[in-house]
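Colleague: Just lifted these from Swiss-Prot, have a look:
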DOMAIN    4-205  domain 'Glutamine amidotransferase type-1'
ACT_SITE  84  active site, nucleophile
ACT_SITE  179  active site
ACT_SITE  181  active site
DOMAIN    206-398  domain 'GMPS ATP-PPase'
BINDING   233, 234, 235, 236, 237, 238, 239  ATP binding site
C-alpha cells in the first residue's frame with residue numbers, strides 16, 4: 001500500500017489542487033468529506049496514514065452549522081496542515097479565537113515568514129530592505145485568526161492579517177491563511193512538498209506507471225466481461241480514457257464518435273483517421289447534426305444549451321448501446337475540473353458554477369452504468385497518463401475542447417450560419433498560433449498557450465471594407481496559460497500576431513468585420529465564455 005495523505009474537504013473550489021500538488025511530490029493522496037467521523041480518522045491512521053490536510057471553504061468558521069474538524073484529527077499523532085478555513089477551524093477548536101475581518105483579502109498578497117518553522121524556513125520570493133524574507137501568495141478569506149491557540153507560535157503575517165500562519169511544532173500542527181495549492185502562491189508547491197516529505201516523512205512512492213497498473217486492475221474488476229461504450233468528443237480526455245480502458249479490456253470497448261455539427265473545422269475526419277491509425281479500437285461514427293441543431297433552435301440560455309446537448313448525447317448513446325449485444329457500461333472522459341465546476345465532487349461541498357454535459361445524473365432509462373476512469377485527474381495528469389500509455393504527443397497535447405463543442409462558444413442561440421463562421425475563424429487563429437514562434441523560448445505560441453479558441457458574439461458592428469460600409473458580426477479571441485485549468489491567466493500574445501489573426505479573419509471570413517481579444521483571468525472569469 002502506498003504512503004498517503006488524507007485531505008479533508010470543507011468545500012473549497014480548489015481542494016483537488018491540494019491533492020494534485022501532493023501527487024506531484026510523489027505521494028498518494030485521497031480526498032474525503034470534512035465531516036467524516038472520528039472512527040474513520042483513527043482507522044486511516046491504523047492503516048498507515050502519514051498526515052492530514054484541512055482544505056479551505058466558502059463558509060465561515062463561526063457560522064452556525066459550519067463543519068467542524070473531527071476531534072480525532074488533533075488526537076491521533078500525525079502532522080496536520082490547515083489551509084484558510086482549515087486554519088480557522090484548527091485555531092477555533094484548539095482554543096484560539098477567530099473573528100470576522102473588516103478587511104477581506106482576495107487575490108495577491110505578500111506574506112512575511114516568522115520563527116524559522118520547518119514549513120517556511122528558508123522559503124522567500126524576495127527580501128525587504130530590512131532583510132525580511134517575503135512570500136508572494138494568494139489569499140481568499142473574510143474571517144481571520146485573532147488569537148493563537150495555546151502552544152502555537154506565529155509563523156506568518158501580512159499587513160492586514162497579523163496572524164497569516166501559525167505552528168505548534170511539538171505536535172506537528174501547521175496552518176496558513178493563504179492558499180499554497182494554487183499556482184499564484186509561488187512557493188506553494190515547495191511548501192506542500194516540504195509538509196508531506198520533511199514533516200510527515202513520506203518517501204514519495206506514487207507515480208504514473210503505478211497509477212496505470214492500479215487503474216487497469218480497477219477497470220477489469222469493475223467491468224468484468226461486460227461490453228463498454230465510450231463517447232468520443234475529439235478531445236484529449238476521451239482519447240486518453242479510451243486508451244486506458246482499451247488497455248484494460250481490449251475489444252470489449254466500442255467507441256462512438258458523435259458529430260453534433262458543433263465540431264472544429266474538419267475535426268470529424270481527423271478524429272476518425274487518428275483513432276483508426278493509432279489505437280486500433282472499434283469505432284462507430286454517428287452524424288447527428290440535424291438532431292442536435294434542431295433541438296438547439298431558439299435556445300439562448302447557456303445552461304439550457306448544455307443540458308440539451310447532454311440529453312441528446314445520452315439519447316444517441318442509448319440508440320447505439322441498443323445495437324451492441326451486452327453493452328452495460330457508458331464510459332466518459334470526465335476529469336476533475338468538470339466535476340468541481342458542476343459541484344459534483346464526491347464530497348459534494350463545492351459551490352456550483354456551471355453544469356457539464358458529461359457529469360452525473362444519467363437517466364435511469366439509459367440502463368447503462370457509468371465508467372469514469374479519469375474522474376480524479378487534472379488535465380496535466382491526463383496528458384502525462386496519455387504519454388505513459390504510448391499515445392502520440394501531438395494528440396495528447398492538443399488543446400482541450402468542451403464536450404458541447406461550439407455550442408458554448410456561440411453566445412446565445414446556436415445557428416448553422418454562426419457555427420460555420422466560427423469554425424473558419426477559429427481555424428485561422430489556431431493555424432497562426434502554430435506558425436508563430438516565441439524567439440525567447442523557441443516554442444510556438446500554440447505550445448505556450450494551454451487553451452486558445454474563438455468565440456462568436458451574436459452582435460453586429462459597423463465597418464468599412466473598400467469603399468463600402470459593412471455591418472457584420474464580431475468574434476472574440478481567447479488564449480490562456482494555466483498549469484491545472486482551475487486558475488488561468490490570459491496569454492500575452494504579441495501584438496503583431498494578434499494583428500495578423502485579425503486581418504486574416506476579417507478578410508477571409510465573409511460575415512465578420514471585427515475581432516477583439518479577451519484579457520480576463522480565471523478567476524474571476526471562467527475559461528469558456530459559457
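Keep in mind that glycine also has a Cβ here, set from the backbone N, Cα and C atoms.
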Colleague: When neighbour density is defined as the number of other C-beta atoms within 10 angstroms of a residue's C-beta, which of the binding-site residues 236, 239 has the lowest density?
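Modeller: Among the binding-site residues 236, 239, the sparsest Cβ neighbourhood within 10 Å belongs to 236.
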Colleague: Would you list, in sequence order, the residues of this chain other than 233, 234, 235, 236, 237, 238, 239 that have their CB within 8 A of the centroid of the site's CB atoms, where the site is the one recorded for ATP?
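Modeller: Here the nearby residues are 232, 240, 241, 333, 400, 401.
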Colleague: Between the Cα atoms of residue 236 (ATP binding site) and residue 181 (active site), what distance do you get, rounded to the nearest Å?
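Modeller: It is 24 Å, counting Cα to Cα.
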Colleague: Would you pick out, from the recorded positions 179, 181, 233, 237, 238, the residue whose Cβ has the largest number of other Cβ atoms within 10 Å?
Modeller: 181
Colleague: Given residue 239 (ATP binding site) and residue 84 (active site, nucleophile), what distance in Å do their CA atoms have, once rounded to a whole number?
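Modeller: One finds 37 Å between the Cα atoms of these residues.
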Colleague: Counting distance between Cα atoms, which of the binding-site residues 233, 234, 238 is nearest residue 181 (active site)?
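Modeller: So, spelling it out, the nearest of the binding-site residues is 238.
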Colleague: For residue 179 (active site), find which of the recorded positions 84, 233, 234, 237 come within 10 Å, Cα to Cα.
Modeller: 84
Colleague: What is the average pLDDT across the domain 'GMPS ATP-PPase' (206-398)?
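Modeller: Across the residues of the domain 'GMPS ATP-PPase' (206-398) the model's pLDDT averages 83 on the 0 to 100 scale.
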Colleague: Based on Cα distances to residue 84 (active site, nucleophile), point out the closest of the binding-site residues 235, 237, 238.
Modeller: 237
